[in-house]
Amino acid sequence: MDMMVSTLQQQRAVTEQLRREASIKRIPVSVAVSDIVRFINEHEQEDCLLVGFSSQKVNPFREKSSCTVL
Amino acid sequence: MAADTAVVASPEETLESLLREAEALKQKLEEERQKLNDVTLISVAERLEPLNIPNLKMRRTLKGHQAKVLCCDWAPDKRHLVSSSQDGKLIIWDAFSTAKEVTIPMPSTWVMACAYAPSGGAVAAGGLDNKVTVFPLGGDEEPASRKRTVATHTSYVSACLFPNSDRQLVTGSGDGTAALWDVESGQLLQSFQAHAADVLALDLAPTDLGDTFVSGGGDRAVLVWDMRSGHAVQAFDAHLSDVTAVKYHPAGDALASGCDDSACRLFDLRADREVARYGKPSLIFGVTSVEWSLSGRLLFAGYGDYTACAWDALRATRVSIMSGHEHRVSHLTLSPDGTAVATASWDTTLRVWA
């Protein structure tokens, strides 16, 4: 009996999980993808690993040079 | 019997009816997802110029651990790093100078998870001790003398994160659960149970609200959780092996997973499906860690084959390979201002790339 109860409870949790998943609103992939592309375009210029540093001086991890210009 | 009452409370539900409903829901989910699958990310990205990114160079090597480095995290000051290791130590590094600033002994070896608090005034770590301990930094006393045990699991701790403030902690464990804890009292605020195997990775949604997080598990599933209700609200189960890494895209509506099957995947939360996959036939080792660049155009991935690489997330092509480690890359993480990536490795070192 105890096993039946726990099987039923487990299955209820699984089904409830699927109900929640089925109830969410979805959007077309085309809309989702264009939003991702737009976000990237808007933030590209701040992305140093993508566009590089405006000058190596602003790269905090640049190679240490033996002398600096003041 | 309490359990019996709970079951009798809804007499219309039988095991058969629940199973039938579950099957129908699964079919409906698949149909709905397919109906909205009108384009592929790759076809949209084909119109974009191929990326020509500056090659990532190894800028620093941090040496000091005596065994495999398992995890690392940047401080909010963009200069310090915390790392945890199989040697049972936590180390706070000055990544600019490569100096070891603080070494904190842990109660056990295999410290699999560590995190900097958002204030920069504390670090949290845990692993085979089944606990997460928070160490306040600064002041004259040793951090270890002021430690506070916050989280306790029944198996190893695989991940820990501070959701937006020093006051709370989210943890993932080999016991199959994730949990939200109050740091001050050590009280369990919410337990998250739906994974059928070890929770291996966690990430927080990049919103100020911080009300959702994602987990990846040994059950090959990625689950998105509502922090308040404790329910899993979305599930992605396309993986062929353990999900070892999860990371939200900076836009907030998508997330990447890394899997032992050697592929990284991009899932869109609003389209509720996988929209891209990053892999090559020549990549045969598992993914150990994933991370995004600041704009979310580059997806960094660490592998068991001693390398890490950067993928163009839109065109799904590999654009940079980071070679230098002499053993598995166990973890990689982006500095808060996006100027550098730190990698941790089983070769006992950490490296900084920029």
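Each Cβ is built from the backbone N, Cα and C atoms, and glycine gets one as well.
Caution: TrEMBL annotation is automatic and unverified by curators.
These figures come from a predicted structure and were not determined experimentally.
Database features, via TrEMBL:
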type   : residues  : note
COILED : B:8-42    : coiled coil
REPEAT : B:62-94   : repeat 'WD'
REPEAT : B:150-191 : repeat 'WD'
REPEAT : B:192-235 : repeat 'WD'
REPEAT : B:236-277 : repeat 'WD'
REPEAT : B:322-354 : repeat 'WD'
The repeat 'WD' (B:322-354): DSSP-derived helix, strand, coil residue counts: 0 helix, 17 strand, 16 coil
Within-chain partners of the repeat 'WD' (B:192-235) [C-beta distance under 8 Å, separation at least 6 from its ends]: 155, 158-161, 163-164, 170-180, 241-248, 250, 252, 255, 257-259, 267, 269, 272
Three-state composition of the repeat 'WD' (B:236-277), taking helix and strand from DSSP: 0 helix, 23 strand, 19 coil
Leading contact stretch, B:62-94, B:150-191, B:236-277 vs the repeat 'WD' (B:322-354) - CB distance under 8 Å: B:62-94
Secondary structure content, the repeat 'WD' (B:150-191) (per DSSP, counts of residues): 0 helix, 24 strand, 18 coil
Tally of residues which DSSP labels helix, strand or coil - the repeat 'WD' (B:192-235): 0 helix, 23 strand, 21 coil
Helix, strand and coil counts within the repeat 'WD' (B:62-94) (DSSP): 0 helix, 20 strand, 13 coil
